[in-house]
Amino acid sequence: MASGSPAWLRQFLDRVVASDPGWNRFRMALSGVLSVGVALVVEYGLARLLGLGSRGVLISMLLGAVVSMMGSMALTGSGVWSKVRTAAFFPVAIGLGMAVGTLTAHNRALQLTVFVVVMFLAVFVRRFGMAFFFYGFMGWMGYFFAAFLKASPAQLPILLLAVVVGTVCLLLLSMTVLRVHTGRTLRRTLRAFRSRGRAVAATGADILAADDPDEGPWRRLRGRQVRLAEAALMVEGWLGEQGATPPGWSAAALRRQLIDAQLAVEGIAAAVPQLTRAPSGVREAATRVMRALAAGDQGAAVHAARELRARADAESGSAARQLAASAQDFVAIVRHWASAESGTASGGETEGFEPAVTLAMGNLPGSAAVAKDVSARGAHWNPLSRLDLNTRQAIQVTVAGALAILVGQAVSPTRYYWAAIAAFVAFTGASTRFETFIKSFNRVLGTLAGLFVAIALARLTAGHTYLIIAVILACLFCGFYLMRVSYALMIFFITIMLAQLYTVLNQLSDQVMLLRLEETAIGAGIGIAVSLVVIPLSTKDTVRSARANFFADLAVLLRAAAHRLGVPGESENEEEGDPDGLARVLDHRLQQTNMVAAPLMRQRLAGSDSRRLRHRVVLYTVCASYARELAAVLRRVEADPRPDGTGRACRYLAAVASELVEHRPGQDTSEIDRNLYLAARALQQRTTPTTEPVRHALSRLHQVLYQLATASEVAASPYLIPDEESDEAEAPVRAERPAASEPRDTALHGSVQGGNGEPLPRAVITLIGTHGQQVRRTEVDEEGSYAFPELPPEAVTMVATAAGFASEATFAPTTGAGEQRHDFTLSPTPVRRA
């Protein structure tokens, strides 16, 4: 976009690019529409040529459309031969389903029984890979198609011919017009990453420009950082595709650049909380930097960053300098990418590359990647709970499908299949019971919303064949495009599309559409009930599994860092791995944790403390950011094998992360306390100029791991946070206890006492911000009281520590909370020796 374009147009295009990394949703929607459109034309011509009559023409067109619609999602890869192999079995899968359907078409009891069996098999075969996900769906659709049409075995050759023709058309399109160009897709995904980075800067500018920002902008800032990380992972996935990287580059070199760019954007966001308290001149200069970045004006951003750096030296602390440096780093990397896209870049290694994430249909993997390793509830008494995820879901679908058919037939003997479809689809793409509930609810919601529009629009298009086809294709495009954004919106457009099809079949009426809503609600309700009762998979258990995977991979990264610093471990196998690649694996674990925890963070369910969970996820995000920073500084480091050096600190922190994998509240914490103490002692030692950045990153990781241990109700010892001078932290001050007759003019106050009720003088209260930084600290007075006259705008974790006592932490939402009181009662703990 030219620099002279209107600002509103640039912002609009930036949002469009950011919303669809790599144009993946647009490409999928376009592929679906073109494939179905071509199939309709070819199948119509073939049916006319064979003289099949009006009913035969309609059946052939519908079969071709079904194959194209489902097959276009299966053929999203870039390899030609992989597409040929996958598409070759489309007619086999659909043909098997239709063959069984024709054999049972004239025995209703047998037909319904086999329908349930086919549901089971359609889900069971998903264990064999993504292609079998679609084969199972196609086999199920083939059976349904033959049963719905009451087809006879004599009609099977004609039906199979329509399927083969649709498959050939789809395959030719996917290898020519709709072929995926990995290089272009990677460049588009990088543009989306840049757009999301600019969105972070824009939100930061809005916060600084506001006099008193509420919680909304802060949540947007965190949400846009999450979206930035997702775009970075999508780039990582495309880097593993053949021919994706620009000439002269390597995937590993681009990965390093991407990590540096992500760290730069996170540095911009991390500077915002402290800049809200900076003098107005510094705050205005920082706002200009972020506005220039948000507008994509790189020259203005660099100039504003230089001005901010000069002003910060005289008026402010580290936050302004951090913002200026991060903005300049981001601009430099973006300019380097621009040279690569123009073909002028050179250099880059040619080493092998192993992507940290494998994309599924161009998207990040869903929750099944985490849920597959989680046992269902009731494993101690129900042997079915110990089965793998695919088998459990196949059983759930079988039970739900059978119940949906029984109840659906009681409502309508001819339209029961809508209930069966709703029950079947409820377990497609949903792994936990909460996900099944959300998907089923959205299906009913989309059907209800689309019902009224569908009836009104069908009356307008009735009798206009070409207009009906246009509406069908438009709804298909919108449904595909919005599928990853909102399932309810996708069903909304699918409902409109089905109404148009019923218009062609002369079966549309208000009663039919209302019956569809009723049957859909029945199937969705049964799907929800089965997910809650029949071998249910808990969302909380899935979150715990994702959390365990996160800590396990953090431990792997820290062990690899120790190995890089010259401190070998017991096993050489665990030391292998590039720190940048391991950091990306950790980012993927964080993304999985965010994904499976999202339902529980929206609201309370079954006693879930959503606020506490949100705070923990923020700490996981900060932890991953510091781990990424550690990986970046390890590229230029010398060995540090001293007994109390940074290499040993990596070992101790890796042990802490490993302990947190399986730790549960109430369990022994001696090993966690011991390793945190040893790491703190090692991090207090002198370092060389090359290892100082490593010590800085490890100190931050140590602090966040301490908070995570405390948030997990681990009774960590009070001396575990290493004392580190920071411009962001205030010096410890002694609280002045107000007299009883005087009103408390404080934002936060309270007391600290021991288990016997006696005050604990000289205890320390530390406030930790959402980015892991220490933002306030004070000592308790002789009577055990403390007070903070003012608080930062962000939520904080309060940590109370005292020598010889187990520390205690609590979450304090300081924004808009008014005056607060938090009292602490600390339990004695024996001092543990190193």
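Heads up, the Cβ atoms here are built off N, Cα and C, so glycines get one too.
Keep in mind that TrEMBL annotations are predicted by a computer and have not been checked by a curator.
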Among 26-46, 320-340, TrEMBL lists transmembrane segment at 26-46
Spatial neighbours of the transmembrane segment (464-482) not adjacent in sequence (6+ beyond its ends, CB under 8 Å) are 25-26, 28-30, 32-33, 36-37, 40, 69, 457, 489-491, 493-494, 496-497, 500-501, 503-504
Interface present between the transmembrane segment (158-178) and the transmembrane segment (417-434) (three or more C-beta pairs under 8 A): no
Spatial neighbours of the transmembrane segment (112-138) not adjacent in sequence (6+ beyond its ends, CB under 8 Å) are 67, 70-71, 73-74, 86, 89-90, 92-94, 97, 100, 104, 144, 147, 360-361, 388, 390-391, 393-395, 397-398, 401-402, 405, 420, 424, 427-428
Distal contacts, the transmembrane segment (158-178) - CB-CB under 8 A, six or more residues away: 27, 30-31, 34-35, 38-39, 42-43, 46-47, 50, 52, 56, 59-60, 63-68, 71-72, 75, 80, 83-84, 87, 90-91, 94-95, 98, 142, 145-146, 151
Restricting to CB pairs under 8 Å, which listed stretch, 58-81, 394-411, 489-508, 520-537, is in contact most with the transmembrane segment (87-105)? 58-81
Would you mind listing the long-range same-chain contacts of the transmembrane segment (58-81), meaning Cβ under 8 Å and 6+ residues beyond its ends? 28, 31-32, 35-36, 38-40, 42-44, 46-47, 52, 87, 90, 94, 130-131, 134, 137-138, 141, 145, 149, 158-159, 162-163, 165-167, 169-171, 174-175, 178-182, 241-243, 361-362, 476, 504-505
For the domain 'Integral membrane bound transporter' (403-530), how many residues does DSSP put in helix, in strand and in coil? 104 helix, 0 strand, 24 coil
What else in the chain is close to the transmembrane segment (441-458), if you only count residues 6 or more beyond its ends and a Cβ gap under 8 Å? 422, 425-426, 471, 486-496, 498-500, 502-503, 508, 510, 513-514, 516-517, 520-521, 524, 528
